There are 2 protein chains.
Amino acid sequence: MTAQETTTQPAGKPVGVAVLGMGTVGTEVVRLLRENADDFTHRIGGPVELRGIAVSDLGKDRPGIDRALLTDDALSLVNRDDVDIVVEVIGGIDYPRELILAALNAGKSVVTANKALVAAHADALSEAADNAGVDLYFEAAVAAAIPVVGMLRRSLAGDRIERIFGIVNGTTNFILDAMTSTGATYEDALAEATRLGYAEADPTADVEGHDAASKAAILASLGFHTRVNFDDVYCEGITRITAEDIDAATKVGYTIKLLAICEKITGDDGEEQVTARVHPTLIPSSHPLASVSKSYNAIYVDAEAAGSLMFYGNGAGGDPTASAVLGDLVGAARNKVHGGRAPGDSTYANLAVADFGDVPTRYHIDMLVNDRTGVLADIATRFSAKGISLRTVRQEEQERHSHARLIVVTHQAREADLRDMVAELEASEDVQKVSSVIRLDG
Amino acid sequence: MTAQETTTQPAGKPVGVAVLGMGTVGTEVVRLLRENADDFTHRIGGPVELRGIAVSDLGKDRPGIDRALLTDDALSLVNRDDVDIVVEVIGGIDYPRELILAALNAGKSVVTANKALVAAHADALSEAADNAGVDLYFEAAVAAAIPVVGMLRRSLAGDRIERIFGIVNGTTNFILDAMTSTGATYEDALAEATRLGYAEADPTADVEGHDAASKAAILASLGFHTRVNFDDVYCEGITRITAEDIDAATKVGYTIKLLAICEKITGDDGEEQVTARVHPTLIPSSHPLASVSKSYNAIYVDAEAAGSLMFYGNGAGGDPTASAVLGDLVGAARNKVHGGRAPGDSTYANLAVADFGDVPTRYHIDMLVNDRTGVLADIATRFSAKGISLRTVRQEEQERHSHARLIVVTHQAREADLRDMVAELEASEDVQKVSSVIRLDG
């Protein structure tokens, strides 16, 4: 058997590209497409031609852009016969979903940077791509130019992924890093992030962990060959993290990071399940993830044969996102010229998504308790009764002698049991206040 | 235009695989192929079947391997009609070259882990693959499962690579790390590496930097779209690094690592040139590469739009190498089933390889000079006369007052000028001995 190179594109005919959206990323994509046009021709095996750019505001001044390329009718642009690949960098969900589905249904390959869309509607998008036999690329949806999507789809395609975890949101890492290095409050660090352009005017999607949860859904889906949607991801943001939490963590050699954690666990029935979650996490300050500063991202992938791999870089911003989009565009264009398809959706393993209550986690609980003889023993007994082992217990003297500060770090236990335990502590007469509850890892 | 999915393989017909070599990597490849067979079927879109394994010693005991699969006639196995993909994990150059060329010429795709072969004969291999329209994959040739080959070929295909540098040889990193952390001599650290299996019985290829140079040639070729062969790489190993060098470096906040450095420079004619080199390098101990311990690898890729990306993991060993081989195998098998070709060789940029003498480098020179008034001024004048600026000069008192120790760190200068300067120092009556010369980076 000899493989044949299949040309679905008459030789020399250019690949037509439509770019939807002309924000930071779209502007960079268009600039690099033009500046590096010769390189693209060589790398693809034929020229790429920009057919049009869909924008919402035709009147806006866009220096260096041929106005004839601009349109505010994105759907018509998508449907043009001379458009082979659609690049979606608009953002949002419903509108780009409609455009992408139209593109795929019309046999155009799609490159998108839209994590929220991919995490919410992967099934519909993937089905449309499969039906039309075209490509759906979304490297830029996770950690920009850090090529973790391509790695999971291709490089590790012969391995078994066990765990994926790391820092996948630059805004929250910037805020937590600022709080850690300067002692700033959450509010002040957020204001600084906004001032410097690391946080958007409405920072909700970042600080509440939604952005990271979309990425966790995508990573878990790819890594475990199982559909994991945004709604399947347990998600807790950083808005409740205080300067006191950071200070207490630093003092005992820990750093607080917002981590996305995707892993396989064994269910009660002995079957493998998958879980994905995003929450503030205490990690040892000696862990490489603890040194990831500013808005950088870093992702660990643990695989059976490959072992532990780590990828680090700038996970956001116009340029790095454009790099990922253009890498995908070269791939999609190569397939238009030479035939073949990128690895599509792979959900054959179809594992159950674990109930988060069943997932083993570890808690760091900081509380104020009555300062009376025997209180420590009583509280330890409560943990023991729930089957939760303690790794460390630290009691600190307080200025007022009516209470003591008690910091408890548990071993791994069922999330639901730990949560019940916290509720029980909060209800206990011996506990004046549970000041903070943060999960631990690493 | 609609892309069509092209099947070059009748539906359901398995993809036949031959494995050449049954050492550490081959054994793992065969084991994982068998254990994860169902996964491979799903990921590829059809089953993979192992047709045979070529070994040099048919008599050797190989538990769990069906003896009917074994042959000592590799060429006949390669040429079997039911073999679609050949996996080469023998090592060496001439013999595997002959087998791989036979496979490619017969229309079989090839997956190899053979860095020495790819770095020495890329033109011939690539031409044969192109002529037959088949795939030549070699992710495992550089840093095992760290997917830097795939990243350069695909993920960063829309970007411009400016620099690639890092630790790409586990054996030498193990030795240097042991010398740094324990104060051991080179000889003792090498003995320990050999005892633990990190160094081969004949460690020449590793300790002389040849292995790293092959990887540098591959990385530079991929990154700069230019053919860079093994012979184009300047190569200096670690055999002359002494415990004193390590100690002196540590004292001033530096760590010695064997780095592969590939970069673009501007020639005298204003044209871009490429350069690749491997040598012991002083880097600040605060640099992330300085913390890469044991036999781990870490590679930085600096690209125009993506910025600086870093990849870290286990860069050697049977399991990680098998992971990379199997990822390639899934890719090659997908193309056999669905049509299409992996991105082939891309040398269109065809930049000149710079003469190493013209490459800007920085030197750390440790010497003993006569302890007389004015000697420092005289030596500084010599550097200045050659147009080499000094960044730091440190003079240390010695027990015997007949000489002083002088440690000079230069700014960047032409490698040839720095080398001439060292020769001039060695010839100078004021210099009793040039104890060590190590380049700096980072």
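Positions of Cβ are set from backbone N, Cα and C atoms, glycine also.
Caution: TrEMBL annotation is automatic and unverified by curators.
The NADP(+) binding site annotation in TrEMBL covers B:Leu20, B:Gly21, B:Met22, B:Gly23, B:Thr24, B:Val25, B:Gly26, B:Thr27. Annotation comment: TrEMBL describes B:Lys115 as NADPH binding site. What TrEMBL lists as L-homoserine binding site is B:Glu200. Per TrEMBL, the feature active site, proton donor maps to B:Lys215. Look at TrEMBL and you will find B:364-439 tagged as domain 'ACT'.
Of all the Cβ atoms in the protein chains shown, 13 others lie within 10 Å of the Cβ of B:Glu200 (L-homoserine binding site). DSSP classifies B:Gly26 (NADP(+) binding site) as helix under the three-state reduction. Summary of the NADP(+) site environment: with the site residues B:Leu20, B:Gly21, B:Met22, B:Gly23, B:Thr24, B:Val25, B:Gly26, B:Thr27 set aside, the chain residues having Cβ atoms within 8 Å of the Cβ mean position are B:Val19, B:Glu28, B:Val29, B:Val30, B:Val89, B:Ile90. With B:Leu20 (NADP(+) binding site) as the anchor, the candidate recorded positions are B:Lys115, B:Glu200, B:Lys215, and the one with the nearest CA is B:Lys115. The Cβ of B:Val25 (NADP(+) binding site) lies under 8 Å from the Cβ of B:Val89, B:Ala113, B:Ala140, B:Gly318, B:Thr321, B:Ala322, B:Val325, each of which sits 6+ residues away along the same chain. Sequence-distant neighbours of B:Met22 (NADP(+) binding site) (same chain, 6+ residues apart, CB-CB distance under 8 A): B:Val30, B:Ile53, B:Ala54, B:Val55, B:Arg62, B:Ile65, B:Leu70. Counting residue by residue with DSSP, the domain 'ACT' (B:364-439) contains 24 helix, 33 strand, 19 coil. If you take the Cα of B:Gly21 (NADP(+) binding site) and the Cα of the residue listed as 'NADPH binding site', they are about 15 angstrom apart, rounded to a whole number. For the pair B:Lys215 (active site, proton donor) and the residue listed as 'NADPH binding site', the Cα-Cα distance reads 6 Å.
Secondary structure at B:Glu200 (L-homoserine binding site), as computed by DSSP, is coil. The distance from the Cα of B:Gly26 (NADP(+) binding site) to the Cα of B:Glu200 (L-homoserine binding site) comes to 17 Å. Around the Cβ of B:Gly23 (NADP(+) binding site), a 10 Å sphere holds 13 further Cβ atoms from the protein chains shown.
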